[in-house]
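For reference, the structure discussed in these notes is given below.
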Amino acid sequence: MDTFFSFYVLPALLILLKSVVLIVVLLIFVAYILYADRKIWAAVQLRRGPNVVGPWGTLQAFADLLKFVFKEPVIPSGANKGVFLLAPLVSAVLAISAWAVIPVNQGWAIANVNVGILYVFAISSLEVYGVIMGGWASNSKYPFLGALRSAAQMVSYEVSIGFVIVTVLLTAGSLNLSDIVLSQHDGIGTRLGLPNTFLDWNWLALFPMFIIFFISALAETNRPPFDLVEAESELVAGHMVEYSSTPFLLFFLGEYVAIVLMCALATILFLGGWLPPFDFVPFTWVPGVIWFVLKVCFVFFGISMVKAFVPRYRYDQLMRLGWKVFLPISLFMVVATAAFLKITGFA
């Protein structure tokens with residue numbers, strides 16, 4: 001009985017506890033990321049933004065949560081009720097489950113698997129099904145058009161993200177997310193005789209791929225200027241037109257969790273994960289998880305500024321950018337990186 005408890009029950013309870021802690025912390029973080037997004041956008045437009053609920057409006061996201069939860073969900077009479085209600089749940093659950101392999105510090109991951117980056121890539125690819133299910137089940141032309149756009153857009157930019165992952169794999173020699181972070185500790189700067197700093201991280205050595213990943217992440221998560229899936233001027237709200245109350249909240253939650261996930265991936269692949277920007281005191285005194293969160297916030301700030309300053313692309317411009325610009329550049333970078341590592345022996 002003791003053996004059964006130690007080998008089966010206790011590990012399962014630990015995983016459950018880690019999952020609950022992760023979900024609670026993630027949801028609170030997403031609430032404040034949403035608050036920051038609204039504040040940044042307001043500052044650019046010379047507005048105040050949320051400033052009523054709580055000190056300086058810091059509890060606005062929680063007030064919105066209560067508002068959505070206590071509203072009555074309205075289901076269109078012609079909708080497929082089962083798929084209509086399942087779609088937002090699929091979107092939210094898939095977005096959260098991708099975080100199982102994200103290391104926010106050394107050894108801080110629910111599952112430290114050797115193919116972690118492929119797991120995240122697969123989960124992010126599946127998220128489009130929630131959008132397609134919601135658009136089809138609504139039995140309305142605007143949600144359906146939004147769902148079709150989503151399918152084409154996500155498939156187009158996943159190709160570029162895939163080549164970015166291949167490039168990072170070549171430099172790190174591993175698909176394990178923790179190994180990818182640790183490989184940036186002694187990067188190109190250190191090998192050239194420079195001090196161990198943020199110049200060792202992949203953002204410098206793979207700068208074109210960093211830019212491609214950043215822009216592709218915007219398209220993958222339907223963020224401006226690539227928010228054509230839910231373009232207000234054309235499709236009202238895209239696949240979420242017919243949704244209200246908790247189902248709408250789940251779609252909204254899944255969208256922002258996916259955005260923060262892409263910020264975390266950019267941090268892990270290009271910004272050194274939990275590594276400090278300078279490998280000496282007092283920077284090494286700061287816990288790695290603090291550096292990780294600060295880097296995620298830095299990437300998200302860039303995403304928010306793009307939303308505030310860049311106008312929305314036309315759909316043909318979006319597809320042309322993905323297939324005629326990013327695909328050739330990313331493919332060339334894969335070949336160039338492989339050739340460089342082979343010739344110089346840096347791998």
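Cβ coordinates come from backbone N, Cα and C, glycine included.
Note that the structure is a prediction, hence the values are computed from the model and not measured.
Feature annotations, courtesy of Swiss-Prot:
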TRANSMEM  13-33  transmembrane segment
TRANSMEM  82-102  transmembrane segment
TRANSMEM  115-135  transmembrane segment
TRANSMEM  161-181  transmembrane segment
TRANSMEM  198-218  transmembrane segment
TRANSMEM  248-268  transmembrane segment
TRANSMEM  283-303  transmembrane segment
TRANSMEM  321-341  transmembrane segment
Go through 13-33, 115-135, 161-181, 283-303, 321-341 and flag the stretch with the largest number of C-beta pairs under 8 Å relative to the transmembrane segment (248-268).
-> 283-303
Tertiary contacts of the transmembrane segment (161-181), as residues 6+ beyond its ends and Cβ separation under 8 Å | 101-103, 106-107, 109, 112-118, 120-121, 202, 205-206, 209, 212-213, 216-217, 220, 268-270, 272-275, 327, 330-331, 333-334, 337-338, 341, 346-347
Candidate ranges 13-33, 82-102, 115-135, 321-341 - greatest C-beta contact count to the transmembrane segment (198-218) (under 8 angstroms) | 321-341
Same-chain residue ranges lying at least 6 outside the transmembrane segment (321-341) that approach it to Cβ under 8 Å | 153, 156-157, 159-160, 163-164, 166-167, 170-171, 206, 208-209, 212, 215-216, 219, 313, 347
